[in-house]
Structures are given as structure tokens and as C-alpha cells.
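As C-alpha cells, the structure follows; a few thoughts come after it.
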Amino acid sequence: MTSPLVDIRGLEKRFDLSGSLLEQITFKNGRFQRRQEAVHAINGVDLQVYKGEALCVVGESGCGKSTVARTVMGLLSPSAGEVHYDGQRIDDLKGQQVLPYRRKMQMIFQNPYASLNPRMTIQQTLEEPIHFHRPELSRNEVRSKVREVMESVGIDADWGSRFGHEFSGGQRQRIAIARALAVDPEFIVADEPISALDVSIQAQVLNLLMDAQETRNLTYLFITHDLAVVEHFGTRVAVMYLGRVCELAQTATLFSEPRHPYTQALLSAIPRLEDDRPNYIRLQGEVPTPVNLPSGCVFHGRCPYANERCRQEIPRLIATDGGNQVACHAVEEGRL
Amino acid sequence: MTTATLSRWDRFRESFLWYSFKRDKVAIASFVVLVLMVLAAIFAPLLAPTNPYDLAQINIMNSELPPVGMQGADPAFPLGTDAQGRDMLSTILYGTRVSLLIGFGAVVLQAALGILFGLLAGYLGGRVDSILMRIADVQLSFSTLMVAIIVGAVFKASFGNLMFGEIAIYMLIFIIGVAEWPQIARTVRASVLAEKKKEYVDAAKVMGFRTNRIMFRHILPNTLSPIFVIATVQIANAIISEAALSFLGLGMPETQPSLGSLIKSGFDYIQSGSWWITLIPGLVLVVLVLVINLLGDWLRDVMNPRLYKG
């Protein structure tokens, strides 16, 4: 396989909960103790995104998928691990050095009601990044670029002097997509771009993203919790649970033969028309808190196949057939 | 959605601000009175019958004449004269000018400092936030008037009365402006903390915009409405502070009277029956501060959607 466009290696992100030094010190059993707590949002994620594909990251709320997206974009700095773009490490770049990557990598956000500046017109919102990244363009060139990009997302180019609040949610998300496309990026991180939209609009926006992928030769890292979207959109799928990737596979393979017990449970939860008596896999318990991670496999407390090894040893992603990967001792040992 | 695009004026005409203004009689009345007073102050040199700064126009023989309608009044001095024979109407017009200038000037200074420090503290957070906010706390723990009295007294002592008279107006703007910036800084910081979590700020960061640009071009415009409300009320506060300082003899000198120093200069004569020297400027001050505060209240109600009245 060719070298990946985006390479995430051993990424970890912890959010400190314990506050300042004074707040960490507690008095317990007759002596002072220093107590530090952190939310382990991502615990060692390795992902490769190849040029031209749409890698979907799925998982339930709080599994760290949005944190992965924000860390890749540099909105958060990783606690450990590296992010590489086109062979160049980008997570430790400072100041001006990041700018070329800001142009190549763009992001689409979840909430179209908050992602447009309420005090800026659409024209200003779209012109600013072009001015900033391509100062050599004249006013007219910028304006025609804005026109082109607005038309490409299906927004009337004459609406530029309006403000964000004058548009519907779907239109705003189109404008947010136009803003990301305005700087001609190669790689787009989409953080649940359609989950805040009405169902009837979701398909339109999804198709818009797919058209843009085709015409502009884009690569996506697509964060979602909607499995139907994944099936429609993704080239490959990474399933996350509690800050770890548990399975990474081609979309078709993942949906036809899920290997990891968590993936199997997740897929069995999709409601299907043909089922009048659905066969859900019922997991016991709840997702453990990311503050105190379970030892070994993060899924062992809820996994019907867990044994002693799963409680002790953290499973690593192992390659199965066809370039797919799964992190499960049971699969590795052939128990599953 | 219509295809016609609205101009700024049309937007204003359709805004809630204009709508609620039209329906609020108190706001309209206050606004009209304020505009009249501001215009009168601006055009004082044209409106005033005499120039109170010009000693050649003052005749000591005209001193302590009562306002028109009282026995012994001179129709040339409709509001009477003060102890030095200056026309009260002219001194009040010029005094309102000085008071308003100090009020606006101090608030501009406050806003500049408050917005800058509030933005830095709110957006950068961490150590910058702690340091700036502790400075603000320390400053708020001193009363504005006390700081102003000390600084004013020191300046007056070191520059002498004559020199102090020339720079008094700038001094007062500086003292009141610097003493009150934490009010605005705290408000700005609170709004910035709310705004900076929104996704449009993340989008600007992802674009690679620099911190300054994000702070001033993206976040600041979204924190302006509470600043407007506070600034309005602060103008009234600054005018009162100035009047209080002048009354204590640390403000404007009597040769360039503000409303406060007019009240003070007349206060010595109130027992001898010349009540108009103190009372009329006092009334003007009360009306000025009242209309500004009423407008501020109205603005606060309009700009805080949670306070919609039925």
C-alpha cells in the first residue's frame, strides 16, 4: 500500500481534572496526599488515512472520536503520540510553520448554528480565509472564488451580504462546508457534520460532501455515530470504544463480518426493516468511566468472551485478512 | 426568504432594538432630553449669551442676580448670575460641556483598557487571566473616589493650582477612566469565556488565523452588547464622580467650571438666599444622569433577551 496522507501514531489525550496544585492536595487518614485525576479521552490510537478515501470513525458518545478529530486538526495538543501529514510531523509545529497545513487540512463542525460568526456576513466569512491564505489574489479574484465556492455547495452567490442567522440549519452547514472548501484543502476532518441536521437535509449534505470528494479529490476523516451514514459514505471504518480503536476494516467487510465483539453488538443494534424479531446482542453493564480505565482490554467487563488474559493484557490491533485490523485476544486466539 | 438584500438602515428599522425603542415612552423621552443636552453642550459657544471663560465679559456689579421672574432680576441673565457676576445660563452650558466631555472621555478610556484586558484575560486564560483579574480585584477593593482624591491631591500639590487648572480635564478623565476599568474588563472576560467555546472560534483557529485576529475580529464583535449597556451606565457614573471630585475641590477649577464645581461654588451662598447658583446646575446634573441611567436600563432590558418584559 502507498504511504498514508495522515498518519496518527500512538495518540493519547488526557484532560486533567484535578486542577491546580492546591486543589490536588487532600488530607486523608492523618496525612496529606496529592491526588491527580484525568479523563483518558484517547488511549493510544493508531490510524492511517490514505489519499482519496473516506475513513469513518464510529463509536458511542464519549469514546473519544471527536477528540481524535480535534487533535488531528491541532485544536488540542496530544498528551502523547504523533500526527503526521504527508510524511511530515505536524503536531509539534509552532506559529508560522503550521500555516501551509492549515490550508491543506480543514474541518467541518457539528453545530452549524455555532460554527458561523453571528456578526459576519457570509461574504466576509468566506472571503477572510482566502484573503488570509492567498494574499496575492486581487479583490475581484477573491470575489469570484467566493462565488465559485458558494455555487459549488448550492448556495445562491447573491446571498453573500446576509448573516448566518438568516439561513436554515442545512444552508448554514453548506456555508460551513464552503468555508472549508474556500482554501482548496486536500484533507477534511468532518466532526459529525450532519448529526445536528434534519433527516431530510442529512442526505443532501452527505451527497454534497461526496460530490466535493469526487470533484476536488478530497480525503475525509469522517466522525459520526450514525452507522447508516458510514455504510453509505465510508471507504474504511474505524470503530472506537473508550479511547481505543477496536476494529478497523473496509466498510463492506465490517458490515458483513464484524470480528470484534463490540462491533458485533454495535451492528446488531441497527434497526432493520426485515426484522420483526430483532436479535440484539445485549451487553451487560455500562461503559466504564474514562477516569479510571479498566485494566487489560477496555471492553473486558462487558464482553461475553472475556477471559483472564483480556483482564490483564491490552490487546493490540492485529491484521486479519484483507488489510483489516482488530484488537481482540479472542479473535487472535481463534476463540471467536 | 425574499431575494432583496437589506441595507444597514433597513436592518436597523426591522431590529428589535428599534421596535422596543418605539414602544418605550421613557426611552424616547430620555433619548430626546439627552440629545438636546448633548447638542446644547456641543454648541455652547454659539448658544451661550456670554463666554464665562472670558474675564472681560464679566462685571462684578452683576453678581448674585436672581433668575428671571424674581425681584431684582435682569432680563439679560435669564437664570441669574453667580457670585462673580457670570451668567448662569452660559456657565451651565459650558459646564455641561465639560461634564459630558469628562464622562465620555473617561468611559472611552475605561472601555479601551477594559476591553483589552478583558479579552486577553478571557481568551488567553491561565496565568494572564489570574494576574489581570487579581489586579482588577485589588483595584476594585479601593473606592474610585478615594483613589481619585489621593491622585488628584498629589497632582494638585505637585503642579500647583494654575498648572492643574490647565490639565484638570485630562487628569479627571485619566483618574476616573483608570479607576473603573475592571467593571468593563470583567464583563468582557465573562462574555469572551462563553464565546471562545463556540465553534466559529474553532473554525477560525483551524483557518490558522492569529490570536490577535481571532480576539479582535471574531470574538470582540460578539461581546459588544453588554459593553454598550455598561458603558452607558458608566458615563453617568463618571459624570457623578467628576461632580463629587469637583465638589470636594479636586476637580475642575472655578475658572473652567463643570456642573460639579458650579454646585460647589454656589454652595457657599445657599444660606444667604442665592439658591439658584447651586440648585440650577444641580438640577441639570440630576436630569443628565437620570436620562443616561434610564437609557442604560432600557438598553439592558433590550439586549438581555432573558429579561423580555410582557
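Including glycine, each Cβ sits where the backbone N, Cα and C put it.
According to TrEMBL:
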- B:96-296: domain 'ABC transmembrane type-1' (DOMAIN)
- B:26-48: transmembrane segment (TRANSMEM)
- B:98-123: transmembrane segment (TRANSMEM)
- B:135-155: transmembrane segment (TRANSMEM)
- B:161-179: transmembrane segment (TRANSMEM)
- B:219-240: transmembrane segment (TRANSMEM)
- B:275-296: transmembrane segment (TRANSMEM)
(request) Between the transmembrane segment (B:26-48) and the stretches B:98-123, B:135-155, B:219-240, B:275-296, work out which stretch tops the count of Cβ pairs under 8 Å. (result) B:275-296
(message) Under 8 Å for C-beta pairs, could you tell me which stretch among B:98-123, B:135-155, B:161-179 has the largest tally with the transmembrane segment (B:275-296)?
(response) B:98-123
(message) Within the same chain, where does the transmembrane segment (B:161-179) have neighbours whose Cβ lies under 8 angstroms from its own Cβ atoms, ignoring anything closer than 6 residues to its ends? I mean 6 or more beyond.
(response) 98, 101-102, 105-110, 113, 139, 142, 144, 147-148, 151-152, 155, 238, 241-242, 245, 251-253, 255-256
(message) Are there residues at least six beyond either end of the transmembrane segment (B:135-155) with Cβ under 8 Å to its Cβ atoms? List them, or say none.
(response) 117, 164, 171-172, 175-176, 179-183, 185-186, 241, 244-245, 248, 250-251
(message) What residues elsewhere in the chain lie close to the transmembrane segment (B:98-123), defined as a C-beta under 8 angstroms and at least 6 residues from its ends?
(response) 37-38, 41, 129, 132-133, 136, 169, 172-174, 176-178, 180-193, 196, 211, 214-216, 219-220, 223, 227, 231, 234-236, 238-239, 241-243, 252, 256-260, 285, 288
